[in-house]
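Data block below; observations after.
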Amino acid sequence: CDRRFSRSDELTRHIRIHTGQKPFQCRICMRNFSRSDHLTTHIRTHTGEKPFACDICGRKFARSDERKRHTKIHLRQKDKKVEKAAPASTASPIPAYSSSVTTSYPSSITTTYPSPVRTAYSSPAPSSYPSPVHTTFPSPSIATTYPSGTATFQTQVATSFSSPGVANNFSSQVTSALSDINSAFSPRTIEIC
């Protein structure tokens, strides 16, 4: 590749790139490395050794470049503190967007909003229907008979549901005579109900 080196060990290390030679082997996992310092760093993953400590917070690292990258975090934090502490030298008509002051306004007002979901349906018959906020809808058993011109509408409703705003457990049997609403509905409408 026509590269030149002043030291023979640098040339030897470089030639390994071209030949793919990896003479340094980890005795724990048998992984091979072209450089001895890479093997030394790798062995730290097995031993858990972390010889490079941060001078500011004391956190330890296995590699010096990891410590160097970590130290930059502290420098950025320090720069931010200096920016926040330094007063503005020129007055600007536009306020700064970043501020070290946090303002909160406590309120004793509790705001509630009506639910957009209706909890009951109006019914032409004096009976009760399940709420639309049910998580399950049981199938009602409906039996309609017409002995001598009178109608009987029987429904068994056993519903249990939980909702953040509503907590009801109820079981009821609704039996109502439809003879009082026969004038309002045709026999076909009563069959559908």
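Placed from the backbone N, Cα and C atoms, the Cβ positions cover glycine too.
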Range annotated as zinc finger - as stated in Swiss-Prot, picked from 52-74, 121-143: 52-74
Integer Cα-Cα distance in angstrom, Arg13 (site 'Interaction with DNA') to Arg3 (site 'Interaction with DNA'): 12
Pairwise Cα distance for Arg31 (site 'Interaction with DNA')/Arg69 (site 'Interaction with DNA') [Å, integer]: 27
Three-state secondary structure, Arg69 (site 'Interaction with DNA') (per DSSP): helix
From recorded sites Arg35, Arg63, Arg69, the one whose Cα lies nearest Arg3 (site 'Interaction with DNA'): Arg35
Cβ neighbour count within 10 Å of Arg7 (site 'Interaction with DNA'): 8
